[in-house]
Amino acid sequence: MMKAEGIPGIEQFASPGKGRGLRVSRAYGVGELLFSCPAYSYVLSVGERGLICEQCFTRKKGLAKCGKCKKAFYCNANCQKKNWPMHKLECQAMCAFGENWRPSETVRLVARIIARLKAQKERSPSEILLLLGEMEAHLEDMDNEKREMTEAHIAGLHQFYSKHLDFPDHQALLTLFSQVHCNGFTVEDEELSNLGLAIFPDIALLNHSCSPNVIVTYRGINAEVRAVKDISPGQEIYTSYIDLLYPTADRLERLRDMYYFSCDCKECTTKSMDVVKMSVRKRSDEIGEKEIKDMVRYARNSMENFRRAKQDKSPTELLEMCELSIDKMSTVFDDSNVYILHMMYQAMGICLFTEDYEGAVRYGEKVIKPFTVLYPAYSMNVASMFLKLGRLYIALDRKLAGIDAFQKALTIMEVVHGKDHTYVTELKQEMRDF
């Protein structure tokens, strides 16, 4: 049995008011790697099939497909062989169910975790500090809606995997799905596109702060923890669990809903950025508190309505929704208000999808400057925005603007991904090609 030997420079400790946490035993500078953790289990998003290797998450052309289901793609025979213990859970089922094979990403990940747990004889390299079974589940905090969703996931697991997997009892499944809900990571690329879902037990020990001193990024199927501030010996390390663009009330609501806790970091107690994030238009008539409150309610409803509409509305209808809400919000909010920025960012995404590059640039240019003010210094949200803009400028033959945007993205990426990361070397190559 592999013992919990620890990670050099990192200590687990009882963090006051937060339960378990991690702190450093030596100093770390900005951009320095604190530690990395291989995924315990992971699954590639269906939308990325054919573009990324199912085993190592390398993006490349000319991947070889599985001869049986023709739906899984690999770098080579070696990757395919390594992935078989997991792919065999799905290969025959995909052939049998055909178009009706539709388990959620969460269900697919849990199936793989169950298979891994069954085959596992000793502590894995993903569990140097924390065993998978020791992760928080928060079963007692689940409301009826979450419980129903979990029951639906369990039904999906039985429907799609019962032929190839022996399941633990119902209570154990409830716990496992809850653990994945609270501790699962969305693996993202340099443009923050969703590549898949994974579980990293050791990374789950990181507590949250809205003013984080580390960031979690990905190198293939490994998660890496890098410093985004200078960290002194004895300091706790914090990452952010959520998008930090929004004002304090919104962040706290999201943390309570998703992770069952409230944050008391400096940013949440001082609310120092809220005035800037909620900037109001300068008008000849005074804008009253009620008008602002009503518009905040409208903005939050618009965001939720848009999120739901993405499932079934056409790009044209979605863009119209964005434009209508931006116009209405603009009567009260300034263009740098986070609710307007949110809808502009969505509008940019639709323009990219429909290949309206001029439209995408128009929205992107409105968003990028406020982003650099409202997000922390080394933010993937800012880097990915500069990257997208850079690629749009190049496509529109605006090379100087493209190189400038790439350079700004690179400054952030070298810190959050590391100077030797493929994303960084590929971007440098892209810049040299011009």
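Quick reminder: no glycine exception, Cβ is built from N, Cα and C everywhere.
Quick caveat, the model's predicted, so the values are computed rather than measured.
Here Swiss-Prot has LYS18, GLY19, ARG20, ASN207, HIS208, TYR259, TYR260, PHE261 binding S-adenosyl-L-methionine, and the candidate from HIS138, HIS342, HIS417 in that same listed site is HIS138. Residue ranges 53-91, 92-130 are listed, and Swiss-Prot annotates 53-91 among them as zinc finger. When secondary structure is read from DSSP and collapsed to three states, CYS69 (Zn(2+) 2 binding site) falls in the coil class.
The Cβ neighbour count for ASN207 (S-adenosyl-L-methionine binding site), using a 10 Å radius and every protein chain shown, is 20. In sequence order, LYS68, LYS71, ALA72, LYS88, GLU90, GLN92, MET94 are the residues of the same chain, not among CYS66, CYS69, HIS87, CYS91, whose CB sits within 8 A of the CB centroid for the Zn(2+) 2 site. What surrounds the S-adenosyl-L-methionine site, by Cβ distance within 8 Å of the Cβ centroid and not counting LYS18, GLY19, ARG20, HIS138, ASN207, HIS208, TYR259, TYR260, PHE261, is the set GLU136 from the same chain. Put simply, of the binding-site residues CYS56, CYS69, CYS75, CYS79, CYS91, the one whose Cα is nearest the Cα of PHE261 (S-adenosyl-L-methionine binding site) is CYS56. Those residues of the chain, other than CYS53, CYS56, CYS75, CYS79, with a C-beta within 8 angstroms of the mean position of the Zn(2+) 1 site C-beta atoms are GLU54, GLN55, PHE57, THR58, LEU63, TYR74, ASN76, ASN78, GLN80, ASN83.
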